[in-house]
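Structure first, then comments.
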Amino acid sequence: MTQDELKRLVGQAAADYVIQNVPEGAVIGVGTGSTANCFIDALAAVKSRYRGAVSSSVATTERLKSHGIKVFDLNEIDALQVYVDGADEIDASGAMIKGGGGALTREKIVASVADTFVCIADGSKRVPVLGAFPLPIEVVPMARTAIGRRVAALGGVPVLRVTKDGAPYITDNGNEIIDVKGLQIAEPRAFEAKVNAWPGVVTVGLFAERGANLCLLGTENGVETIIYPA
């Protein structure tokens, strides 16, 4: 199967998981990116079962609305039973690198309030150690050089994310992103806490403190379900 076919496979598997485990009338937390889009497309077929969704980005909001799925602000919701999102990398503990699509801060906020985080990914995203995929850090623009120096001191190579026109990429929150290459993150929870404590960091794209509860992993043999210890 192609990577796109695997994404559609796990998107449908996530919709099936939601149908089986989330009661009718609930609100679903939805991530951002090409794999999350496959979940949205599959969820559209059963949208009448649920009140709607909480979105993690402007792009996801637009896709949800295009399917006629009502989008709620997180502040309107008392409880969120499930959050479904992709990952750029995921390790054996359920810790992830996320943010390749630029929505890491809102993704982390929505994930933090959900009872269950369901990661959907193709098999290429499973890694023994996080860091081959550049680690995104959303930063307040005036802090980007200072943050870059801190990253370099840890052995990373900071690269400012830019648009195709060469201008700094701006997040939905009005900030910039530094992508850090050359890392091997053996202790993702400690590394997440360290980077998040730097002045000027909005959030780092490590999801270790709040990692995945389970992963629906698309492989040539079908969908593998991996459950991570709490």
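Please read every residue number as a count from 1 along the shown chain.
Positions of Cβ are set from backbone N, Cα and C atoms, glycine also.
There are 29 other CB atoms within 10 A of the CB of GLU107 (active site, proton acceptor), with all protein chains counted. Mapped onto three states, the DSSP output places GLU107 (active site, proton acceptor) in helix. The active site, proton acceptor annotation in Swiss-Prot covers GLU107.
In the three-state DSSP assignment, the secondary structure recorded for ASP85 (substrate binding site) is strand. Per Swiss-Prot, substrate binding site is recorded for THR32, GLY33, SER34, THR35, ASP85, GLY86, ALA87, ASP88, LYS98, GLY99, GLY100, GLY101, LYS125.
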Handout entry: Integer Å distance between the CA atoms belonging to GLU107 (active site, proton acceptor) and THR32 (substrate binding site)
Key = 7
Handout entry: Beyond the site residues THR32, GLY33, SER34, THR35, ASP85, GLY86, ALA87, ASP88, LYS98, GLY99, GLY100, GLY101, LYS125: chain residues whose C-beta lies within 8 Å of the centroid, for substrate
Key = GLY31, ALA36, ALA121
Problem - binding-site residues (LYS98, LYS125), the one with most neighbouring Cβ atoms at 10 Å - result: LYS98
Problem - Candidate with the highest Cβ count within 10 Å, taken from the binding-site residues THR32, SER34 - result: THR32
Fill in the blank from the handout: Rounding to whole Å, the Cα atoms of SER34 (substrate binding site) and GLU107 (active site, proton acceptor) are apart by 14
Problem - Cα separation, GLU107 (active site, proton acceptor) to GLY100 (substrate binding site) (Å, whole number) - result: 11
